[in-house]
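Over in Swiss-Prot, the protein carries these features:
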- 117-176: DNA-binding region (DNA_BIND)
- 184-207: compositional bias 'Basic and acidic residues' (COMPBIAS)
- 213-222: compositional bias 'Acidic residues' (COMPBIAS)
- 175-228: region 'Disordered' (REGION)
Amino acid sequence: MQFQHPHAPLYAPAPAPPAHPTPFYIEDILGRTGSSSGPVVPTPTLPSPNSSFTSLIPSYRTPIYELTPIHPVLSQYASMYPFQRSVGDFAHALIRHDPLGKPLLWSPFIQRPLHKRKGGQVRFSNDQTIELEKKFETQKYLSPPERKRLAKMLQLSERQVKTWFQNRRAKWRRLKQENPPSTGKREAEDSDTRRLSDAAARARELESGASTDSEELLDIEDEHQFTL
């Protein structure tokens, strides 16, 4: 009869480590203390982003780098905006914008009587248009001395005044055709008087050497039709 040795272990011995240990055991992560039977080939692992930094300065970890809790008063506002963006997202916000348009070529404080459009057309100012309209109400045609005097007063050229009156007469005839006047005797007399005065002014303008463009020729034909 055999007796168990008093110093024999009560449990079965632990299994021997494998011949080819893997780097996933706890011993491999914490560092092996015992010797292995064969050479172990180290397996390259990618360190974490902060592992090298924290391993170099373990003694400089002070509470200043730790996150501080938000004040209770401010925490309620932080919960209202959970998706806050960092400042880096807006670092190049201005660069992404398209460049501004063309710079200002004129100052609004500079008084310019004339503004040219495309095609050589002239844009008259409000004061010039008002004075020209007043003159047109009393006189549809201008003699050369009157045109010269009006151009000098409005700081325009005679050609500009003449062109404005040509366009204004064309508009006046068009409106008159769209809205013909009544056949009353008084209105007919007034129309005849205005027509005769316009014809006289036109005759003076032709005698003084005014231009004979197509628009002015239409005015002459209209006057002949009225006098027939």
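Cβ atoms here come from the backbone N, Cα and C positions, even for glycine.
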### Summary
Over the DNA-binding region (117-176) the mean pLDDT stands at 89
### Task
List the helix, strand and coil residue totals of the DNA-binding region (117-176) as derived from DSSP.
43 helix, 3 strand, 14 coil
